[in-house]
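Undergrad: Structure provided below as structure tokens; questions to follow.
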Amino acid sequence: MGRQAMVAGNWKMNGLPQNNSELLKALAQKDFAQLSCALVVCPPTVFLSQVGNELPAEFKLGAQNVSAQAQGAHTGEVSADMLKSVGCEYGLVGHSERRQMHHESNSDVAEKTLALLQQGITPIVCVGETLSEREADATMTVVLQQLKAVARVLSTEQLAKIIVAYEPVWAIGTGMTATPEQAQQVHASIRGWLREQIGEQSDNITILYGGSVKGSNAAELFAQEDIDGGLIGGASLNADEFFQICQAAG
Ligand SMILES: O=C(CO)COP(=O)(O)O
């Protein structure tokens, strides 16, 4: 298997310059160099430069969102080339909080994914079902609709470059983690679908799990065949907890 394990911290709308520095200093105390997984932090846009400057060497910088537009009259938006100019190598797209609170559609997410790829930034495409969708047995229908919209606007080569983050909405910030078996089932189905699209290259696509991952449950999740690491919210704001999660990814 050629795929890269990864742990990405999504700080969401948390932090101020002083807290950011403290957290990054605490991370710098940890021996991340012993790990082989890729490490990413996604701070709020306004702190990308600061965090980029203070980030321990083992980490890469990621954005939480991007505009689908290249430039122009889009007040408040930030384009992919702007993100690139401050050192972003990764970008989240389609986080459920953006889908739900900012009404991002599947096709909006697809356009954002393309905008990142066009700048050489690796998109981390977030997908996942709500509790009512799971209860209605619609998990894979929803997840595949989200992915199909992305695949529609990408070439096969571009599709092979994305990272997928499966984040069941009901598990985000709730303390209600998907069981390793529940998560693995969805991850395996995602990989199966990717295989139909791009063949064996799907084996190289990193598929992260997100939703209440903690130091105490990371190892059993990451031990699953198709779970290649995590996208971490709350626990990424605590250096001890985050390091423990990264250790579980190896
Ligand atoms: O949304 C998430 C990461 O993007 C997960 O958040 P929590 O880890 O806080 O549940």
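Any Cβ shown, glycine's included, is placed from N, Cα and C.
Dumping what TrEMBL says about this protein:
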type	residues	note
BINDING	N10, W11, K12, G173, S212, G233, G234	substrate binding site
ACT_SITE	H95	active site, electrophile
ACT_SITE	E167	active site, proton acceptor
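In terms of burial and nearby residues, how do these features look in this structure?
TA: DSSP assigns G233 (substrate binding site) to coil in the three-state reduction, outside any helix or strand. Long-range Cβ contacts of G233 (substrate binding site) within its own chain (separation 6+, distance under 8 Å): N10, K12, I172, G173, G210.
Residue environment of H95 (active site, electrophile) contains 28 other Cβ atoms, counted within 10 Å of its Cβ in all protein chains.
Under the three-state DSSP scheme, E167 (active site, proton acceptor) falls in the coil class. Other Cβ atoms within 10 Å of the Cβ of E167 (active site, proton acceptor), summed over all protein chains shown, number 28.
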Undergrad: What's the CA to CA span in angstrom from G234 (substrate binding site) over to E167 (active site, proton acceptor)?
TA: 14
Undergrad: Can you give the largest Cα to Cα distance in Å, as a whole number, for the residues N10, W11, K12, G173, S212, G233, G234 that bind substrate in the record?
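TA: Of all Cα pairs among the recorded substrate binders, the widest measures 14 Å.
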Undergrad: Please report the three-state DSSP label of N10 (substrate binding site).
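TA: Looking at the DSSP assignment, N10 (substrate binding site) belongs to a strand.
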